[in-house]
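*Asks:* Annotations per TrEMBL:
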ACT_SITE  Ser65  active site
ACT_SITE  Lys109  active site
DOMAIN    41-122  domain 'Peptidase S26'
DOMAIN    131-174  domain 'Peptidase S26'
Amino acid sequence: KIIPIEPSSPSAAAMSRFVRRLAGIPWRQIAGEASSVGLLMAQGLCAVHVVSEHVLGVAFPRGPSMLPALNMAGDVLLTDKVSPRRGWVGPGDVVLLLSPEDPRKIVAKRVLGMEGDEVTYPVDAGNSDATKTVVVPQGHIWVQGDNIYSSNDSRQFGPVPYGLVKGKMSYRIWPPSRIGSIDSKE
């Protein structure tokens, strides 16, 4: 059963004042400003996404394969995403690429050879002096980790299609003691 509140009661008067206050708030203006701010934030996030995916990104490489050039963990590197599309990647550059063995993984390796180059590499670095020489096929590059004793690279999976290169690591921004450009070995 619903019991009506009589207008003369104190709670009815308070409710009436509350409703008048709510009616006096400029809801349309607030909603308009909120939607403007929301749209501006969405545009900003889209711009950040486009820049980080296609121009300049940040990479956090992990693992021992690039020792001593990169730490096992903790380095933060700027990654140039334009250079691979322009063909500005060459021997000595450290690149970020999709793993040819597991496309869900992104790995950091050093470019040792471009298409047409002859590359001589140790077959079993820790156990023998045997080497093998290969010619890098067209549209491919040869990549290796600086730490050849603990790197899964072109010695195992062969030349890498150039299209798997996602960025060229050019500058270390963390840790502060090692800020600077990444060494290029040729």
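Including glycine, each Cβ sits where the backbone N, Cα and C put it.
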*Asks:* Return only the integer: C-alpha distance in Å from Ser65 (active site) to Lys109 (active site).
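*Replies:* Distance between the two Cα atoms comes out at 8 Å.
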*Asks:* Using a Cβ cut-off of under 8 Å, list the residues of the same chain at least 6 residues beyond the domain 'Peptidase S26' (131-174) that approach it.
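*Replies:* Distant contacts of the domain 'Peptidase S26' (131-174): 57-59, 61, 64-70, 74-81, 83-84, 88-89, 93-98, 100-101, 106, 108-123, 125, 180-182, 185.
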*Asks:* Determine the most Cβ-crowded residue among the active-site residues Ser65, Lys109, using a 10 Å radius around each Cβ and all protein chains in the structure.
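*Replies:* Of Ser65, Lys109, the one with the most crowded Cβ is Lys109.
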*Asks:* Could you give me three numbers for the domain 'Peptidase S26' (131-174), the DSSP helix, strand and coil residue counts?
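*Replies:* Taking the domain 'Peptidase S26' (131-174) as a whole: 10 helix, 22 strand, 12 coil.
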*Asks:* Taking DSSP states H, G and I as helix and E and B as strand, how many residues of the domain 'Peptidase S26' (41-122) are helix, strand and coil?
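*Replies:* With helix first, then strand, then coil, the domain 'Peptidase S26' (41-122) has 19 helix, 27 strand, 36 coil.
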